[in-house]
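> Take a look at this one; I'll ask things after.
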Amino acid sequence: MSLFQLGLRRAAAQLSRSSFTCGQCLRPQTPTAPPSQILKLVAARAPAVRSYATETESPIASLSRNIQNESTSKQKSEKKSSFPDTNAKSVGYWLLGSAASVFGIVVFGGLTRLTESGLSITEWRPVTGSLPPMSPEDWDSEFEKYRASPEYKLINPHMDLDEFKKIYFMEWTHRLWGRFIGLSFVIPTIYFIARRRVTPRMAATLVGISALIGFQGFIGWWMVKSGLKDDLFAPGSHPRVSQYRLAAHLAAAFACYSWMLLAGLSVFRTHRALHDLEAAAKHFAALKSPALNFLRRSVLGLTALIFTTVLSGALVAGLDAGLIYNEFPKMGTGYMPPKSELLDKFYSRKEDCSDLWWRNMLENPSFVQLDHRILAMTTFTAVLALFAYSRTGRVKAAMPPNVRKGVMGLVHLVSLQVALGITTLIYIVPIHLAATHQAGALALLSGVLVLGQRLRIPKNTVALVQRQLKNSAQPLKTQALSQKIQEVAKNAATKA
């Protein structure tokens, strides 16, 4: 075997190089003619054209490649998320309509409390309770349940069936309205999310509001339940719901209304900005002025102050504290009740009286009314101070027109609310004035929320406006580039 391999090596060494070359390559080639003078002239006059064509990508090719990359990235982003960048206008109308419905049920809930109708239904039946009693036997059964409640025994022992039907229908309407709000919000929420009519952020907002509505129904029954047991209030006292639970119920309703209102306004604000891009860009640039930073923080603090004043009003309503000291600005002989009345040991539940202060602040009707007066006048003064600050030279020059109108509207609302509060107190809480005062509180909160929304810089909307401006400028850049390419080609042809 080794001898065979050695023979192959010797034979390969003796073979010539031509043995491994094809015949066509061994044929003699005709000599090429030298380049003509015309070609030499063109080559000498256009070296830049050759280097541009060989080394640099042409503008048209670069533009087409950029457009293709943008379309590819856009398709990838669309595949990644099927939710739109903006919410449909119908979502905004629906949110504002839901907020108006919540506004109405808050006022009607105040009427239900003022007419002492809230404890007429002693059971919580979310589904079967949607229908009122349909037969005399059903009415007798409901009336018998009410007779067993502390309110009937201590306040309404002489009430007959016809009078009971009046307060029953008040509470039944209030609960039915709450069910309607829940269904009219949850069902469209599912539809808008399933049909991809909202952005991912708005979808999360709608789910949160839906959960809050359901929780609000639970708080409502938890509040009513507190007025159906004797052990939750002092023996012999007026049967009423817990003022803490009433404040929680009202706070949840105000939070739900505020959430709906702000979400609806944000939808229309985005659509207005996209309708006029240049005006929106100027408006957002004006809002970024450092002169408005303190005003923006002040409106945020004022919102918290108004909400706290509303909660103190709920404590006044829960304790019927508006039925005492029906004069203003004094409370009796002075501007505040005596110290012994404000810090009454009757409300303390500990032997060392360590809870004397906060128990009186939240459970003593005299102290609770004083708290509400102080908070109300503080809110009124803060709004006037905000108005005066907004009229200073630097802030006034930086404020957009809609912000200036919002501040003025807030002054009108707080003035009306203070007048309603004083009138309600002086006339010993008539039903129509008390309900109007509660509506005024919600209107005042709406005013400060709208003002804060106008001062806020929505980052998502600003990004959308900038993107639309960039996309609208792209065709102009393309046209300018094509004109430049035509000029370069024309100059090259002229030189040639």
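FYI, residue positions are counted from 1 along the chain as it appears here.
Quick reminder: no glycine exception, Cβ is built from N, Cα and C everywhere.
Look at TrEMBL and you will find 60-69 tagged as compositional bias 'Polar residues'. Among the features that TrEMBL reports, region 'Disordered' is placed at 60-85. Look at TrEMBL and you will find 73-82 tagged as compositional bias 'Basic and acidic residues'. As annotated by TrEMBL, transmembrane segment applies to 91-111, 176-194, 206-224, 244-268, 299-325, 370-389, 410-429, 435-452.
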> Looking at the transmembrane segment (410-429) and the transmembrane segment (176-194), are there 3+ C-beta pairs under 8 A, with each pair at least 6 apart in sequence?
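They do not touch: fewer than three Cβ pairs between the two stretches lie under 8 Å.
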> Using Cβ atoms and a strict cutoff of less than 8 Å, what residues sit near the transmembrane segment (299-325) while being 6 or more residues removed from its termini?
110, 113, 238, 240-244, 246-247, 250-251, 254, 331-332, 337, 362-363, 365-366, 368-369, 371-372, 375-376, 378-379, 382-383, 386, 424-425, 428-429, 434, 438, 441, 444-445, 448-449, 451-452, 455
> Same chain only, please: residues at least 6 beyond the ends of the transmembrane segment (244-268) with a C-beta under 8 Å from a C-beta of the stretch. Say none if there are none.
87-89, 91-96, 98-99, 102-103, 105-106, 109, 113, 202, 205-206, 208-209, 212-213, 215-216, 219-220, 222-223, 226, 307, 310-311, 314-315, 317-318, 362, 442, 445-446, 449-450, 453, 458, 461
